Amino acid sequence: MDQRASAITLLILLCATFSNAFNISKILSDGSDFGSFNELLKQTGMAQKINNQQTITVLALDGGAVGSIQGKSKDELERILSNHVILDYYDMDKLKKLTSKSATLTTMFQKSGVAQSGLGFLNVSKTSSGDIMLGSGVKGAPLVARVMKQVAAQPYNISVVQISQAIVAPGIDSIDASAPTQSQNHPPPPPKKKAAAPTPKEKEAEVPSPTDESAATPEADSPALTPGEEPAADQPSGASSRALMGSSGASVAAALMGLMFVGF
């Protein structure tokens, strides 16, 4: 039981250690040059967002460099500062060993959902003199900040590197955070397919529906008459024939009786 309790306690301590592997506020407070930058991270909530990451690189600004962004609104500051947080581990050694002349780095601003047109990326390039320069990923933006020194490092969780000046991407301070980006918009519904035109055979097969008059059920035809035979409608019925014959016979009998009386 004691061994099991000890194992559980150790597991809890390990989880707590990994869930809060570093504290950016404490790291920056160890250096006197980054007090203003540290305060801006706290005021905008960026310090907590950085601490919630597992692998991160912070591009720190000293008191002289941070002055260019002080006085901006909280939303603007948060966007600018989130562009100084790279979602990967880069210390001085890794930056100096970049194989390509230039590379693109993804920042925390890219995860905000409002970054567009390269605003959430940084370009890093190594000059012929060996300097490492950084700039916004927006097309045509210049490389404005030089990597100066390593401030702190906890491989491979967090690296804090000092740069010469703030990187303010063109348009980042005037972006409308309430407007969704193209990636957030729902794709338009597909166009409705038009019914295919009927082929000539299908047109021939189509028969117009009969009109009310032609749709009426015709009466049964009368039987065909043989030559010389008159239509049945002109002939008297059996009852009429018998009545006619009866009246003719009565007339003949009355005439004969009249003759007999005359003879007497």
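Positions of Cβ are set from backbone N, Cα and C atoms, glycine also.
Features reported for this protein in TrEMBL:
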type: SIGNAL; residues: 1-21; note: signal peptide
type: DOMAIN; residues: 21-152; note: domain 'FAS1'
type: REGION; residues: 175-247; note: region 'Disordered'
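Counting residues of the domain 'FAS1' (21-152) by DSSP class, helix then strand then coil, yields 48 helix, 34 strand, 50 coil. Taken as a whole, the domain 'FAS1' (21-152) shows an average pLDDT of 95 in this prediction.
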